[in-house]
Amino acid sequence: MTESAFSTKESDSYPGTGDNLQIVHSVDAGVRTRTRGRREIDLSTYLRIKKNVDRFGEDIEEREWREGGSGVFAMKEPIGGQEMPLLLASSESKPVALTPSYLCYSREETLRGSDITSSTILVSILEETTRVGESAFRLRVIAWQNHVPRKLPDTSQVPAESTEDVEQDIRIIYPNSAEGNQFINNSIRTAKYNFLTFIPLFLFEQFMRWANVYFLIIIGLQQIPGISPTGRWTTLGTLSVVMTFTAIKEIYEDLKRHRQDRVTNKKGTQVIRGGVVIDTVWKKIAVGDIVKVENRSYIPADLILLSSSEPSGLCYVETANLDGETNLKSKQAIPETTHLVDLEAINRGLAGSLCKAELPNSRLYNFSGSLQMGGQLFSLEAKQTLLRGSMLRNTKWIYGLVVYTGKETKLMKNSAPSSIKKSNVEQTANKQIVYMLILLIAISILCTIGYAGWLRRNSRDHWYLELERNGSGAFMAFLTFVILYNNFIPISLYVSVELVKLGQAYFMNNDAQMYDPISDTPAQARTSNLNEELGQVEYIFSDKTGTLTCNKMEFKRYNFKLKFQVEIFQMLLRRRQEKRNSNFPSIFDDHPQLTHSNNIDWYDQTLFEALGRKGQDDASTTAIEAMRLLSVCHTVIPEETDNGIVYQASSPDEAALVKAAKFFGYNFHKRTPKSVSIRVGGADVTYQVLNVLEFTNERKRMSVIVRDADYRITLYTKGADSVIYERLAADNVHAISTRKHLDEFAAEGLRTLCLAKLDISQEDYEVWQTLYHKASTKIGNREAELARVAEMIEKNLFLIGATAVEDQLQQGVPETIATLAKAGIKIWVLTGDKQETAINIGYSCRLLTNSMDLMILNKDTEETTRAKMDQYLDKYANYASFSDKKEGWGGLFANREYDQVTPPNDEHPLALIIDGSTLHFALNDNLKMKLLTLATKCKAVICCRVTPGQKAAVVRLVRQNLNAITLAIGDGANDEAHVGVGISGEEGLQAARASDYAIAQFRFLRRLLLVHGHNAYRKVSKLILYSFYKNVLLYLIQFWFTMNNGFSGQSLFERWTIAMYNVLFTLLPAVIFGIGDREVSDKMIEKFPELYRSGIQSKYVSHDSSQYHFIYDLKFNNWTFWSWIVNAVFHSLLAFFIPYFAMRHDVIEANGQNLGLWGFGSVVFSCAVLIVSLKLALETRTWNWIFQISLYGSMGMWIVWLLAYGSLWSKQISIGVDLYKVGWHFLDTPYYYFLLLLVAVVALYRDVAWKYLKRTHDPNPYHIVQELQYLKKKNVYDITLDLPEEVIIEAKAE
């Protein structure tokens, strides 16, 4: 009898019982022995089984097994892949129905893993195909004998098998049908607007901003007759200018999208529809059409691959437009459609066919569907899908069935706009707008009260004014004052900030120092909304592979003979170190007969000798199996080029392992849809690929099931040691030694994989394949079903070794991390690697240092995790949190007296190492705050063996509970962090496309944050503060004037002059400042990264007056905001009252006339423009010619306006009547210029004096760096600066 995985051997013992298990050759149910393991059942048994098929749905959890007894265990498999129940029939008891999830596939699992069969001996298996009427059944019948009373298992922990698909979740398609497929067309539209929708949509978007709504209300109030002191159209005119600029930008960007859409929609193609070939354009393609695509053409819609010019329906595509990956991917039609290569075959083959597909979704790498053709049902999966935007490569042509079109394609589903992130500065500015609104209302109420008081005292004497003393008059006065002071909220704020951010993004994109010439990749600011956020980052969450490392794998180790010689290990370490320190010869210099490989850096002569013995001993057999596994267990595609075969791999790990197998004589050179071929010793060996169980983040392993030339079936698996060891058979004698080798490999910083295999009998494979086929034809929940079925076969594995590859650090990573640490940024590394590998990488990149105390959390239960965390919290209770402290400046600034607070934990800083299983418990609600408390005491945190979901959870924990800006770099948590940065790495641009900013190398992060981020934060903050300052200054002048004119609501300034204040006279210098100003040079800020801390520490402002120096120059917080407002109040007082008292008795011109209201107002307005312009000049660090032209030009524009606008009025033109010839009356008067000079000196004297005292007696860090920069430029070093001597020496050396 053929031995089955279900059967047991004589003298085998059930663990824990000592009972001997023996094969039973016949049972009471009528099963009788047949030759070669084939058995038959009598008709009565068959009918009994058949009769109870309908009872399959009954509840089985409460059924009990009878003691003793015997029977048959039968599985019904109707031909055609329909429902497949399992039945337990007995001659002594009522039949019991079981679900397929309880079927076992190995002896160990039979005896240990399943509660059902741990008390049941499965004896033997047979297969019988029987036809009853029109139904054909294949019965697999297993004889069994019950030994121990036992309840059926608790199924609450077993994943339930979905037994039916929800019809509304399925799309039904009729292939090659002219009618019947009623879905959207293939036209796409990425443009936001069209001719009819532009105005309503644009206005809707603009008035989603509260500031614009506010100004719209002001415009409405101005239309009420008699209450607007500034006219009816001034605010409307200013808002129109602002919105016109925004509209022009939107139109320009949308026109580009329209042109691109037209080009795409009008591309030509050829389809078969209703049995006829049609030449058409992309936008007219319909679901159900058969599309022909030729080589190097883009796929026009989402297709199911039917056939191709290559054998077995194979084709290759490039998906760079979808996921950024440039390596080729193979796609393969199901065998049943590969013959559909011409019109006749397509019409004949697809006649009466039906395709079912899941509803449109955005999952690029998943698809569930089925094709019913010729009375049979075939599974369709992602391997058969060709997605819109992909390019056909290395294939002459393909035919594909259209399943999704237009906006329902996966490309368009992934083109949806990402969630909008608002920067911390923008959110703070929104709060400050509310403050200004409250201040506006308060001043308006105060003026209304003043108006009522003045009216009560003076109404009799001024009866001719006809002023109302009732409530309606007071309310109308309130509205008048609201309109008068409406620009407390700067109308140009959003436009100026948006212009500045666009300019900053332009310089980021064109920064030559963030350009990678190797990959020809510049930095890319995918959004400009978060520029200032880059200057406040306190926590960086970094992936490892492809982020800190190059993601270019080099094969380093294989523990041959499952033991690793210490001498070889030490020799390789020495050679590796010597090779890095000098031009040490490689292993190929010692062995010139070998062919050099760029992915191999390891050699063992004994391995070559073992492979040459061709399985004559155990060591040779193990080595051969390992090389077979490396050469067949992968998804690599060999591509023929002029220079030989090039491996196209989905990951560098796979390519490195396949090249390693080639290096050791197992040359993978050919792949077909159902086979792989390797060349060993000059002879080709072909393996039939039966199944590929692909790698996922959840599975952490990949398996293939192959059949060799001798019809032996073998499962080969490679994966993480954590999942492979869980699935090893109990008698793996090398598991302990291999574990030691894995630790040694990881200690060297290498990435490890375990290799394992399982021999499978034909009978067991057929049973499992039936379940696999059923799972693969499901539409809904297919991935979960396939994973569940894969778990059944990946059991009782035999370990055949472990490999290690090296992923070297990128250039400049250690220096970048050290620099960012000096800047006060905490770096957490979130990686899927082993703990030892992660720690080694931590030391290599200087994230960990020898002075650190490592806290390691790797527990298996929540209780032990809690206990260990409590232990660490008690041990380090006196350590302060890095997030709560105000760090000192350190380094150059350590000896400054203002550095009052010394960073804690400096002598023995802490580092936390936690693995994924422990993190699972630590992120529970009752432990996560303890984890956060512990982590914030640390200077570095490394989370290893974590999943993408855990990465996102860690970032979310910090973001939601700490007042800190977070940045995620890599592919795990871009959406969760405040700022997401992607690396354009070897695996493609997925992370970069999902990010806010993209860079080519990790080292560029230093410049992105320290230079662009720091400068953007400082400039945007100053720009917003300056915008509030200049408007508050101007409109408080109106308030002082109101207090001196009887609270009449009269405006001091001409209406259109006020409107131009934020557009012509103050906008351009502020924008130039925001784009081009530099606090210090780029080199100096990278040399002294401590300057970056001002952005972080702006959230930790002390109200202690002894630390006011620290507050004033922090860029953006409420304290700084109100200090600017107070300064505006002071300047407005001087700008109004100095001219007021100087001109109290008026300036009499030579002709005997005085200036009047508008002349006095123009003089005061001149003072205001001069003060705000010179204030901006004081805040500017970079006085280049562009800024000077904008500054002087804006002040000059006021004079031009005064003269030109004041000359427009005539009888035909009623514009500028109030300012008619006003400027001409005082611009030639020396008194006017003396008054301007007096106001400017008195107003700004305090600002200049303050800055002088700060710089000389209590300097901020950037003051010192500015002095160093100046001295370096002049090549003069004044020792009186009281700088450390080593700093002077270092500066001179530079």
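Each residue's number is its place along the chain shown, starting with 1.
Using the three backbone atoms N, Cα and C, a Cβ is placed for every residue, glycine included.
What TrEMBL records for this protein:
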REGION    1-20  region 'Disordered'
DOMAIN    177-236  domain 'P-type ATPase N-terminal'
TRANSMEM  195-221  transmembrane segment
TRANSMEM  233-252  transmembrane segment
DOMAIN    266-411  domain 'P-type ATPase A'
TRANSMEM  433-454  transmembrane segment
TRANSMEM  474-495  transmembrane segment
ACT_SITE  ASP543  active site, 4-aspartylphosphate intermediate
BINDING   ASP543, THR545, ASP971, ASP975  Mg(2+) binding site
BINDING   ASP543, LYS544, THR545, GLU654, PHE695, LYS718, ARG751, THR831, GLY832, ASP833, ARG945, LYS951, ASN974, ASP975  ATP binding site
DOMAIN    992-1259  domain 'P-type ATPase C-terminal'
TRANSMEM  1023-1041  transmembrane segment
TRANSMEM  1056-1075  transmembrane segment
TRANSMEM  1121-1143  transmembrane segment
TRANSMEM  1155-1177  transmembrane segment
TRANSMEM  1189-1210  transmembrane segment
TRANSMEM  1230-1248  transmembrane segment
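Applying an 8 A CB threshold to same-chain residues 6+ apart, the list for GLY832 (ATP binding site) reads LYS544, THR545, ASN697, LYS700, ALA720, GLY916, CYS944, ARG945, VAL946, THR947. As a whole-number mean, the pLDDT of the domain 'P-type ATPase N-terminal' (177-236) in this prediction is 83. Taking H, G and I as helix, E and B as strand and the rest as coil, DSSP gives the domain 'P-type ATPase N-terminal' (177-236) the counts 25 helix, 0 strand, 35 coil. The sparsest Cβ neighbourhood within 10 Å, among the listed recorded positions (ASP543, ASP975), is found at ASP975.
A simple way to gauge crowding: the CB of ARG945 (ATP binding site) has 22 other CB atoms within 10 angstroms, across all the protein chains here.
Here the C-alpha separation of ASP975 (Mg(2+) binding site) and ARG751 (ATP binding site) works out to 27 Å.
Counting Cβ pairs under 8 Å that are 6 or more residues apart, the transmembrane segment (474-495) and the transmembrane segment (233-252) reach 3 or more and are in contact. A Cβ distance under 8 Å defines the sequence-distant neighbours of the transmembrane segment (1189-1210), meaning residues of its chain 6+ beyond its ends; these are 1056-1057, 1060, 1064-1069, 1071-1072, 1162, 1165-1166, 1169-1170, 1173, 1176-1177, 1216-1217, 1219-1224, 1227. Here the transmembrane segment (1023-1041) sits against the transmembrane segment (1121-1143); at least 3 CB pairs are under 8 Å, leaving out pairs fewer than 6 apart in sequence. When the alpha carbons of ARG751 (ATP binding site) and ASP543 (active site, 4-aspartylphosphate intermediate) are compared, the span between them is 15 angstrom. Cβ neighbours of PHE695 (ATP binding site) (same chain, under 8 Å, six or more residues apart in sequence): ARG701, MET702, GLY719.
Of all Cβ atoms in the shown protein chains, 23 besides its own fall within 10 Å of the Cβ of THR545 (Mg(2+) binding site). Shown for the domain 'P-type ATPase A' (266-411): DSSP residue counts in helix, strand and coil, namely 28 helix, 69 strand, 49 coil. Sequence-remote contacts of a segment are chain residues at least 6 beyond its ends whose Cβ falls under 8 Å from one of its Cβ atoms, and for the transmembrane segment (1155-1177) they are 1026, 1029-1030, 1033-1034, 1037, 1050-1054, 1057, 1061, 1065-1066, 1069-1070, 1073, 1131-1132, 1134-1136, 1138-1140, 1143, 1146-1147, 1149, 1183, 1191, 1194-1195, 1198, 1202, 1218-1219, 1222-1223, 1225-1226, 1232, 1235-1236, 1239-1240, 1243-1244, 1247. The local packing around ARG751 (ATP binding site), expressed as other Cβ atoms within 10 Å of its Cβ over all shown chains, amounts to 24.
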